[in-house]
Amino acid sequence: MNKIVLCLLVFCVAHSAAYDLLKAPSYFEDFLHKFNKHYSSESEKLRRFQIFQHNLEEIIIKNQNDTTAQYEINKFSDLSKDETISKYTGLALPLQTQNFCEVVVLNRPPDKGPLEFDWRRLNKVTSVKNQGICGACWAFATLASLESQFAIKHNQLINLSEQQLIDCDYVDAGCNGGLLHTAYEAVMQMGGVQAENDYPYEGSDGNCRVDVAKFVVKVKKCYRYIAVFEEKLKDLLRIVGPIPVAIDASDIVNYRRGIMRYCSNYGFNHAVLLVGYGVENNVPYWILKNTWGEDWGEQGYFRVQQNINACGIRNELLASAEIY
């Protein structure tokens, strides 16, 4: 077969724009099998199909309108947007807040840096994790940045314990949500954080079992950033390291690949890690690490267009920390 024809066939099969709303029942049965979905009753199955059909319609519209990204049926496709956000994100204002972190206003014009930069290429980013049904994105994003700080300083990748923060951070609310800077403050108050192997992830709230003798990372100081110019995040990323950021995750749920040019910003509900940036077909983009597993997006990552405040990425909830 002609190689060009073969490539076109592969592209057509792979591209989610090929979805047909009339085939929703067939897609749904495939979805049930692929993701091993089971429901308590036929009425619940019907309800889930109706949600699935609504999500499929949204996926088709997105694939028609967003020419630089692709969207697909995935493990969240039988959940409403509100369900996905409530179960799989977790950025929320704690009942009590503190202010240990120094506030830095990024109001100077950006420097002339490289067009592309990616901390993954320098082997300073740990593997993608999966928070599961626990609203602890705040813990994953903050500790992912500390993991990178440790790798930058000691040239060694180590996985830290999100479960320690979920169980022992009494400012944030465990699987019910938290913030980025308050998580850093909690690590400072506790004195450090253990490795994941010593305090494994359980995906639910538990009793604090912290062992100070097993701390592997200690935080010296934390910072909150107010970015006046989105472009300035490039300088911050290169100088500081991977940065946890707050976003609105509503539009990334059914993301598959490419650069998202349309991502709403109706309120922050999720935290992810900014690890790099680049340009593809003259479209500048940010690279972000998510916590929904490697079977989501671009092996757990996603890209959004720069300088349009995609998903609300430019906000006052940016944070980072300096380790000993």
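The backbone N, Cα and C atoms fix where each Cβ goes, and this holds for glycine too.
Of the listed cysteines C168, C175, C208, Swiss-Prot assigns the disulfide bond with C134 to C175. Looking up C168 in Swiss-Prot gives a disulphide bond to a cysteine among C208, C222, identified as C208.
C263 (disulfide bond) sits 13 Å from H270 (active site), taking the Cα positions as reference. Nearest neighbour of H270 (active site) by Cα distance, taken over the recorded positions C134, C137, N159, N290, C311: C137. Counted within 10 Å of its Cβ, the other Cβ atoms near C263 (disulfide bond) come to 23, all protein chains included. Each of the recorded positions N159, N290 was scored by the number of other CB atoms within 10 A of its CB, and the lowest score belongs to N159. The Cα of C208 (disulfide bond) lies closest to that of C134, out of the recorded positions C134, N159, C311. Cα to Cα, C175 (disulfide bond) and C137 (active site) are separated by 9 Å.
The Cβ of C137 (active site) lies under 8 Å from the Cβ of T89, G90, L91, Q131, H270, A271, V272, T291, each of which sits 6+ residues away along the same chain.
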